[in-house]
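Visitor: This is the feature table in TrEMBL:
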DOMAIN    1-91  domain 'Cytochrome oxidase subunit II transmembrane region profile'
TRANSMEM  21-43  transmembrane segment
TRANSMEM  63-87  transmembrane segment
DOMAIN    92-225  domain 'Cytochrome oxidase subunit II copper A binding'
Amino acid sequence: MMTWSNILFQDSNSPLMEQLIFFHDYIFLVIILTTIFLTYLLSTTSFNKLCNRSLIEEQTLELVWTTLPMFILLLIAFPSIHLLYLMDEITKPSMTMKIIGHQWYWSYEYPDFHNKEMNSYMKLISDSNPTDFRLLEVNNQIMVPYQIPIRLIVTSEDVLHSWTVPSLGIKIDAIPGRLNQMGLSMARPGLYYGQCSEICGINHSFMPICIESTTPKSFLTQIQIMDN
């Protein structure tokens, strides 16, 4: 959950988000070192009064400043490509959850549990409690078991939407007539919030997402209660 004046990422709750944070820190380190090095070169050349008028060319120097940026870009590209393919990898999911975007709410289906389905609307401010988060609470929270591999299938019924939960490192586009999928594995129990991240109309800002991560036993109990 994002807090006031926080300029960093939210606490990760999935292995994917942990990898994204590690990659961000790695890239940030490369940027800092490159900036320091270039600042040093610019400052020394700007205030250095020494010059060599007979120096016309320097093949070694040109080779270095051509190949060095290439190696730096490769150091960035390889982990980026690895993470890109890791985001699309789904390993033996134990259950599947369907997510359908509408104007302007989300609907969820559990095909492994007799196609149990539910609609999730933003809770009105007049119905909210003082401890609720503004514009993030919903009337029906979706429940998922933690430490269980889950396959998410996302689509839309009308216009483009995007199902996004920052603390999970998930952002899946919901496109009419197309099924997008992604793997999910929650690391710990708790409540996790997200929102639609694709401008979808006048009420785009009022499509919150609330996920309750719980134990597998509690999840099965809640599913049975929903069936009744």
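Just so you know, glycine gets a Cβ as well, placed from its N, Cα and C.
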Visitor: Going by DSSP assignments with H, G and I as helix and E and B as strand, what are the residue counts for the domain 'Cytochrome oxidase subunit II transmembrane region profile' (1-91)?
Guide: 62 helix, 0 strand, 29 coil
Visitor: What is the three-state DSSP composition of the domain 'Cytochrome oxidase subunit II copper A binding' (92-225), stated as helix, strand and coil residue counts?
Guide: 19 helix, 62 strand, 53 coil
Visitor: State the mean pLDDT for the domain 'Cytochrome oxidase subunit II copper A binding' (92-225).
Guide: 89
